[in-house]
Amino acid sequence: MTVRVRIAPSPTGNLHIGTARTAVFNWLFARHHGGKFILRIEDTDLERSRPEYTDNILEGLRWLGLNWDEGPFFQSQRLDLYKEAVQKLLDQGLAYRCYTTSEELEALREAQKARGEAPRYDNRHRNLTPEQRAAYEAEGRSYVIRFKIEDGREIVWNDLVRGKMSWRGSDLGGDMVIARASEEGSGQPLYNFVVVVDDIDMQITHVIRGEDHIANTAKQILLYEAMGAKIPEFSHTPLILNMEGRKLSKRDGVTSISEFQKMGFTAEGLVNYMTLLGWSPPDSTQEIFTLETAAKEFGFERVNKAGAKFDWDKLDWLNSQYIHNTPVDKLTDLLIPFWEAAGYKFDGGRDRAWLEQLVTLISQSLTRLVDAVPQSQLFFSDTVEFSEEGSTQLKQEGSTAVLEAIVTALENQPQLSEAAAQDIIKQVVKEQKVKKGLVMRSLRAALTGDVHGPDLIQSWLLLNQIGLDKSRLSRAITEAN
C-alpha cells in the first residue's frame with residue numbers, strides 16, 4: 001500500500017500556523033513512508049474564498065519547503081462529482097430532502113434548551129410521503145439534504161494518536177446536512193460530505209488533522225460506509241495553544257505564515273519549531289531538525305495528545321541557530337529584502353562584497369532576520385546620532401586629542417586594512433600616552449555614536465570602504481568640543 005495523505009486548507013484567510021503545522025506532519029509522514037503528499041484547496045465557500053488567499057497558501061507552503069506531489073485540486077472544480085454522490089445517497093434512501101425552516105429549527109433548539117437537552121435535529125422529515133414533500137414545495141420552502149444517522153449506532157476507530165475512539169450516533173446532533181438547496185435538485189454539497197468524496201476519489205490512506213475534527217470523523221466514517229469505501233486511518237493531532245493554555249487565535253497576535261515571514265523568521269527555523277509542536281523525537285536532546293532529518297524519525301507513536309503550547313522564546317532560539325549557521329552568501333540574500341523594505345540604499349561603495357562583510361559582522365547577534373535593520377543602520381546612514389553614553393565618552397578628557405591623532409594617521413591610509421587599523425591604534429596609544437581602552441571607546445563612540453556594538457575594527461573597515469569614517473571622526477571632534 002502506498003501511503004497517501006493530504007493537506008486541505010480553505011482559502012478564506014492566509015495560511016495559518018495551525019494549518020501549516022498539520023501540513024508539516026502530513027509531509028513528514030508521507031516522506032517517512034515513501035508516500036504521496038497531496039494538496040487540495042477546499043474552496044466551496046464561494047462567499048468567503050478569495051484567490052489572494054489561495055495564492056498566499058501556495059506561496060506559504062512553497063516557502064516552508066513543503067513541496068506537494070499532486071495538486072493543487074480545487075473543490076470548486078469538482079462539483080459534478082459531489083452532486084453525483086449526493087444523488088446516489090438519495091437514490092439509495094440513505095439521504096433525504098428536509099424542508100424544516102430556520103424558524104422551526106430555532107424553536108426546536110429553544111425547546112430542547114428549556115428541557116436541559118443538547119441541541120439536535122429531531123429527524124422530523126426523514127420519512128415524508130410524496131404528498132408531504134409536494135405540499136412543502138408548493139409552499140415555496142427551500143430544502144437541505146440530510147444524511148441518515150441512526151441513534152443506536154456506535155462509531156469506533158483506532159486513532160493513531162489517541163487510541164480507541166468511540167462515538168454514539170445519538171451524540172452527533174441528528175441527521176447530518178450534507179447539501180444545501182440548489183436549482184439542479186441534488187443540492188450544493190457541504191464540507192463534511194465533500195471531504196469524504198474527495199478522500200475516496202484521491203485514495204487517501206491516512207487523514208492527519210487537528211483534534212477539533214474528531215466529531216467530524218465520527219460522521220465521516222458513516223459516510224465512508226454508506227458509499228462503500230475503505231475507511232482511512234485517522235490521526236488527530238493536538239491543538240496549538242498560547243502560553244496560558246488556550247487555543248492560539250488572532251487575539252494572540254501573529255498567526256499566519258506570511259506574518260512570521262515578515263517578522264524575520266527563516267523557513268527552516270519555523271518548520272523546525274512546528275515539527276516539535278506536538279511531536280517528540282526519539283533523542284530528546286536533539287532539537288535541530290531539517291525536514292529530511294525529521295522525516296526519517298517521524299511517527300505518530302511520539303505525537304502528544306495534550307495541546308502544544310506556542311513558546312516564542314523557543315522559536316526565537318531555534319531561528320537564531322539557523323541564522324548563525326547559514327552561509328554568508330545565502331544569509332545576505334535573505335537580509336537584502338529587509339534592508340530594502342527599510343529604505344536602505346546599496347550605493348556609495350555598498351556592493352555585494354561589502355554587504356557580505358557586513359553580514360559576517362552582525363550575523364551572530366541576529367535572532368530574527370529583521371534584527372539586521374536596526375543593527376546595520378549605522379552603516380547605511382551618512383551620520384549617526386550620539387547616545388548619552390556616546391556623547392559622554394567623547395567629552396571625556398583625552399578623547400578629542402585621541403580622535404585628532406587618528407584623523408592625522410588616516411591621512412596616510414587611503415584604504416584601511418585590518419593590520420593598518422591596529423597599527424594606528426597602537427601609534428595613538430604611544431603618542432598620546434593613554435590607555436588602549438580610551439582610544440577604543442573614543443573611536444567607537446565617534447564611528448557608531450555609542451559605546452557598545454559589533455566588532456570595532458571590522459566596523460571601522462566597513463565605514464572606511466564607503467568613505468564615512470573620516471567624516472564621522474570630524475563630527476565627533478566637533479561634538480566633543
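From the backbone N, Cα and C atoms, a Cβ is placed for every residue, glycine too.
The motif ''KMSKS' region' annotation in Swiss-Prot falls on one of the ranges 52-56, 247-251, 467-471, namely 247-251.
The motif ''HIGH' region' annotation in Swiss-Prot falls on one of the ranges 9-19, 119-129, 383-393, namely 9-19. Across the range of the motif ''HIGH' region' (9-19), the DSSP-based residue counts are 3 helix, 1 strand, 7 coil. Sequence-distant neighbours of K250 (ATP binding site): no residue of the same chain at least 6 apart has a C-beta under 8 Å from its C-beta.
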